[in-house]
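Trainee: One structure is given below, represented as structure tokens, and several questions about it will come after.
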Amino acid sequence: MAGTVTVPSASVPSTPLLKDELDIVIPTIRNLDFLEMWRPFFQPYHLIIVQDGDPTKTIRVPEGFDYELYNRNDINRILGPKASCISFKDSACRCFGYMVSKKKYVFTIDDDCFVAKDPSGKDINALEQHIKNLLSPSTPFFFNTLYDPYREGADFVRGYPFSLREGAKTAVSHGLWLNIPDYDAPTQMVKPRERNSRYVDAVMTVPKGTLFPMCGMNLAFDRDLIGPAMYFGLMGDGQPIGRYDDMWAGWCMKVICDHLSLGVKTGLPYIWHSKASNPFVNLKKEYKGIFWQEDIIPFFQNATIPKECDTVQKCYLSLAEQVREKLGKIDPYFVKLADAMVTWIEAWDELNPSTAAVENGKAK
């Protein structure tokens, strides 16, 4: 007699990937009602909420989520004088959450980012895709024309060196956005009604030696591999620049990943970016950066890190010194930023003493 095969119901939830190894970091100034939409995907995970702005304001978090919430008073209490390296009145404050996390992986998302749908109409579990990206290797040393060769249905194309097919460890997964594009203020002004409706089903590795503008609103990374480099700089209140926090972190991170032979992926997953920020306010924040970036980009393109720098911390301190020496000639702000970069590493090592001497990759 044939046995009966029981097929599990589709409604039975699968075990969340890395449930005990990943923190979700959210910077905010408002109630987190947007979490209701993300509940099916986020509820099993621990949240770190970094409250920006007025610390006396109460932030409402929907019931049922496991979270810690830190405001400016908490940041000052925990870091003391070193709290000066954490931005105020700017989403760059999120990096405090990276510092206090004790998990191997971090996913960060903005509070105006909703669940997107794929072309079939299915809700996209952005976190699951980020985890897939981080757990599979990257290909920074040779470009594969089928993009990610480790995805189901893909492979290395003819002519791809067999010696490089093992790939490199993936440090960062950079996701994209439907609806409101991540444009700078001048582009926002000339294209106020533009919306991104193109869903490109692809994940690719950013090649070694290539920089890119990292966006922090849909981003995941391996904290053990690259965490100390994910400093979002000095932005916002009291600073001459804003809206360059995630890009600054991305440029520093990419130079260090290249040095340590680590990989960075971009593409899937998509989120739905619901709200356009004010382009006139953005222009005031970005104004100096629009000019400065013409010097900042060549600086990072030409930056070299000594081979003896075999940890992220050593690499980052080397970059900080170069920022002080070279970009400091452009504006005194960069001397202040370089000091903050050093303070950030000191604070990171105080809160994470076991990671201070860990080799993160292989220096090239």
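Each residue's number is its place along the chain shown, starting with 1.
The backbone N, Cα and C atoms fix where each Cβ goes, glycine too.
Positions annotated as N-linked glycosylation site by Swiss-Prot, on the basis of experimental evidence: R158. The feature site 'Required for activity' is assigned by Swiss-Prot to R158, R165, with experimental evidence given as support.
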Trainee: Go through R158, R165, our recorded positions, and report the one whose Cβ sees the most other Cβ atoms within 10 Å.
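Mentor: Selected residue: R165.
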Trainee: Could you state the whole-number distance in Å separating the C-alpha atoms of the residue listed as 'N-linked glycosylation site' and R165 (site 'Required for activity')?
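Mentor: Here the two Cα atoms are 12 Å apart.
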Trainee: Based on DSSP, name the secondary structure state of R165 (site 'Required for activity'): helix, strand or coil.
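Mentor: SS state of R165 (site 'Required for activity') = coil.
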